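Colleague: Mind having a look at this structure? Questions to follow.
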């Protein structure tokens, strides 16, 4: 029976391989090679593509059915690889991979930039009051929490208390740091008004970065005790590792500090230069629309570039682990392949996820470095 299914899938793949422009289709796999920066960049552009927000219900059903036909070897003649890749892109953008239920539009990965840009604009508004600072930081973390929950790993559900704990920790840290830094800047007598305004514009970055760290620690500290999944070169689970968990936590926290930088640092720099132009000085009402466009450009361009810097799966030479690898050495006499870690802060469709991961990228200004340190 298994041989029949394999033959049927192979036949379907052969039938689909009529397009020379697209690579051979692989169900559940990324279209572009993840070993190169360009491949990862193209991959993330597909994931955040806002055009999938406008896919009709009929088109979604057709895409799902096309993938089902491919899976069962009943694909109709003439279907191209491009059509299959497009169908998979649509399905992964709209449906949760574990429940097959539609994800609410504002909380999809393809909706992260369109729905997140107004929040970024609000975070970077000049001359904010205490109330506005608290409001925008709270709204940002609330949006991130909703994205986390909507894209959570439903195969290994985490208690709601863990999400609430991470959410409260992120909100408290973001608000307290943003308010505290604003107060310090206001009391800095050595700053000129222009300098004070410029420094205040950079306050959202340390606030969001600290909230990211707090969220990572609160959401994933349990992995330090339980360990994270470790895979061999063929993607087979070979055990769990606490050392890999520690490295994953450290690198995830580090990259969640780095990745918000282009989104929350570039717009203030650009706006400080644009505000000196004759056009904006003569027409101050254009400041908000121009800032919105600058934030949208930074969000839409810098985000995929930043998250493409880090491969989703990293490798390391195997070493004797904490009770996991000795069995592997006893089964084979040939050198073991490099191990791969499945604990990343940027879980995405078509790859393994560790305990507590979500289907999206999950946190404020998403993206993180994968990590593996075989024990």
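Backbone N, Cα and C atoms are what each Cβ position is placed from, and that goes for glycine too.
Remember, it's a predicted structure, so these values are computed and weren't measured experimentally.
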Colleague: Which is it, of 136-160, 286-310, 311-335, that TrEMBL names as transmembrane segment?
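Modeller: Residues 286-310 are the ones TrEMBL records as transmembrane segment.
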Colleague: Looking at 109-130, 197-218, 219-240, which stretch does TrEMBL describe as transmembrane segment?
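Modeller: Spelled out, TrEMBL records transmembrane segment over residues 197-218, not the other listed ranges.
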